[in-house]
Amino acid sequence: MLNYRAKLKVLASLSKERVFLCVCVSELEVRQQRGGLLQGTLLLTVSDPQEPGLGSGGATLNALLVAAEHLSARAGYTVVTADVLDDAHILILHTGRDFPWDSCGRAFCWLPVEKPAQTVQGPVCCLDMLLDCLSNQVCPGSPPGVWVCSTDMILTMPTTFKMSWEGFSGVRVLALPGDVSYAANHGVYFADEQGRVRDIIYKGSEERIRRAAQPDGMVPLVSGPVFFCRRVVERLLKAHVTPPLDGCTYMGMDSGAPPIQISLFLDLLMCLCSDLSESEFVNGERTGCSSPISQQGAVVRSARALLWRILRGTTLHMVYVPGGCYDYLTLSGREHIGRLTKKGTERDTLSHIQVPYWQWWSVPFLRWSIFLGPMDVHSGCLLSGLEVTSSSHIQQLALTNDHIIQGHHIQLGEMKITVYTVLGAYDDLKVSCNDDGATFLNHRWSDLYSRTGIQPEDLWGSGRSQSLMEARLFPVFQPRGGAVGLEVGVCWLLGGPGALEQWRAVWRLSLREVLSLTDQEGELRWREALFFQVGRRRVMDNLKSQSDRGLLPSFRAAVLGGQHEELLCTLDSSDGENLGVAARCLACIADVLACLAGEGRGGLRSGPAANPAWSHAFSILEQGDLLGGVQALATERAKWLSRPDLLVRAARHYEAAGQVLLRQAVMLSQRFIYIGQGEVPPLGEWQNVECPARLDLSGGWSDTPPIAFEHGGTVVNVAVKVDGRRPIGARARRIKEPRLLLVSSSGVQDDAIAMETVCERLEDLKDHCVPYAPAALLKAVCVCSGLVTYPSRQSLDEQLLQRWGGGVEIHTWSLLPHGSGLGTSSILAGAVLAAVYRCTGRTYDTDSLIHAVLHLEQMLTTGGGWQDQVGGLVGGVKVARSKACLPLRVEVERLPLSDDFLLSLQQHLLLVYTGKTRLARNLLQDTVRRWYSRVPSIVENAGQLVDNAEECARACTEGSLPRLGACLERYWGQKKVMAPGCEPAAVRTMMDALRPLALGQTLAGAGGGGFLYLLTRQPQQGEAVRQVLNNTQGLRDFSVHPVELDMEGISLLKSS
């Protein structure tokens, strides 16, 4: 279903407070920038045109007029016209202010909730949760019209909830379940079996409320969302030109109309209730709305009569949501703490910094605060808005359970200060101090009087309500000393040091006055700064703990908030204890730079990264000086921040710098290479090595660094001969001349293409780490195997003569096409290393060879994982694993399979060459980038790759071809998640055509081309596969090849 945000044309936020509107509009604009609201949505903030307010109904009518006026102006009209409502989806939100537990009101009350789907990280407020609920569950599918909702509650809907809008016309209300006792202080809809509302009961008797009970025993609460269809909206719009309802709109008041208060539920909706007669509606006295018998009674009756004429006959339909939850944000501190801890964890913090440690008891809650530890925080406490300067005073407090300490940013004239309040979670803010249940700090007022010497006249002047809300308890300002801190008021009230005379001597405010004086703009700025500070701390904590939490949303938020410089400095400061973590830090800096450039601006992320300006920093990193290299990178980075294209190019170089550290991290596996010394063969004697290809059955990509050592990898693969032959091989011999003669050939023997490279000087090996240089693999083998040392003060001929008594000649061959996906390059590297080791008289085992190839490929800068060499060097079907740690170690287990299963597997496996060349390098770069960014789909898929590989191993061990086929099918889906674009259209056509014949199929390796292999339903299906492909339009250049399992792996042939 389409998210309602995509349709929303106008979002109007209403408030009685003009100052609060500035906060509303800035906060809504921030959400629009972060993607929570679409850019095309018109954001309006509308204040009541007079004090006191117009009531919820009057404010709705005024907001509707303002929205229609703006839409009319946008459409080029010079007057307000209802024509603009034809395709308009409008959402009107009512916001209030006074909420003792958050200075910015209920709508912007932060909650300990995280939205995993956020593309730009931001704090989650009640408003955000409401918008999500409305956009994703309540509003989708609704026709053009107006939704109206308050922001003083949290709605929770069952995930299966869905409303039908087919043929709907009229007004619709949403009702969530509540029990009778809760409903006694709220409104309840009384509806018939078809959902038509008969009456709205507000604070009714228990008997009346029970009449509204639903089959589940609960009653339908008046829960906020109301929808008016296009036809009804047009009728309401007429109010701005029709007395006395024109007194609800700014146009009417600007024209001299007297203001009038109208209730949304008890006036606008009540006139639609079927049980009410016109007389009952017009003349009825109802709690919660304007009285028809008051001084303004005649105007109220006239307005109601007009509403009856305009709206009567319209159907008011209730949608009851069993299993839903309506949570109104009351003034109860205990309820609010319960709400915060229920939505969070047992030890909750929301945007706070602590240094260095806390003493926790059960269920405290910290919110937007900075502290220095140690500190005791007891059960049921809420600490909010406190700064580091408060820490020493709070440490001295005898805090007990259920205390609420808050810091409020207020403005007194031109002076902006922080005032601190303390309350008990069980205190009732509105009851008189003389009531039996009245408390302060959860104790009777008499306890405060006797403990401190405070008298009631110190707190309440004459004529003031003697409630906690009105008690002037909280010191603000000393006439001679300026603003006061936590110690003068809160600490003393809690039993800390201080004196009654000192307390009496300062200016004090009540909680209501504090809330009314809140500097909301300053409060939000302070919270935002703390949010980004906490965000930077979390980024580093996640990096150091190697968490799988995605960081891109944090980076985007920092860039949008102008906090990128601080974030970059934080990332620059990472320590060098773990090369893997340091490599990810550099990749994160690349992400921040790309965010700064802007999505789609500056060019592609993948590209060259060898600009000479960066070479100095790269050389420092290559030398192992991490801190110096990071500083040199930052110095160069400062020169590349002025344009999107420069930012993207800088990001490429940071990715390349990260690859330097990644290579160094992987090369730590060199400790698992054990090379011995044996008898050196005679001069001129060839040492011949052949290897099979490999088919990856499951788990590929999980073997790729850094995934292999950050998450851990598991791969199942099998060694195979293609067309009856081992397609990969090498041979080496010592020769008399002190030089390196390197010959590589590819293709079948008759059409083989050979390339010869002669190295006579050490300088000829300088490009051994450039992947596309002539004979780069063979040169890298010469260096990696210790055949020669590069760089060195000794010349090449001196080294060769001294170590080996002459030069070395190496030949390699592969019968497979380039980009086959069968692991050719890694297996070939293993074959060449084995041939070189043997011709120089050195010994090795297969495990050492596997790690030597891993080391060599890092030296060659091609990256890649370990599964290819495992597949070709170890025979048969095996499972290989690496743990989530450095150094990276690969452990291989050959699966104990029956001969019958091996024969059956061989008869059901087929290779199809697709005729498409695989471009794995770009696939690898993109995948590593997305892993470093911890894109959620990639993180989840990495776990599924490992799980599927383990299931694949079990399927093979238990001899089940159908289960193996299912693993192949899942594996192909997982490959497409890791590397989008790895399935060319021609390959998709081929796989679709072969699906009826296959238990499972996948492209070999990373995909994108090369070989397709399939596990057929029937044995010996080569001819059937060939026939299907020949009959499929658009396919050409393919070939079908039989597969033979190779149980030996790397094979050492007789010397020649």
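Cβ coordinates come from backbone N, Cα and C, glycine included.
Pulled from TrEMBL, these are the features on record:
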type   : residues : note
DOMAIN : 83-351   : domain 'GDP-fucose pyrophosphorylase'
DOMAIN : 369-478  : domain 'GDP-fucose pyrophosphorylase'
DOMAIN : 800-876  : domain 'GHMP kinase N-terminal'
DOMAIN : 954-1031 : domain 'GHMP kinase C-terminal'
CB contact flag for the domain 'GHMP kinase N-terminal' (800-876) and the domain 'GHMP kinase C-terminal' (954-1031), at least three pairs under 8 A: yes
Composition by DSSP (helix, strand, coil) of residues within the domain 'GHMP kinase N-terminal' (800-876): 42 helix, 11 strand, 24 coil
Using DSSP, how many residues of the domain 'GDP-fucose pyrophosphorylase' (369-478) fall into helix, strand and coil, respectively? 23 helix, 40 strand, 47 coil
From the DSSP assignment alone, can you count helix, strand and coil residues within the domain 'GHMP kinase C-terminal' (954-1031)? 44 helix, 12 strand, 22 coil
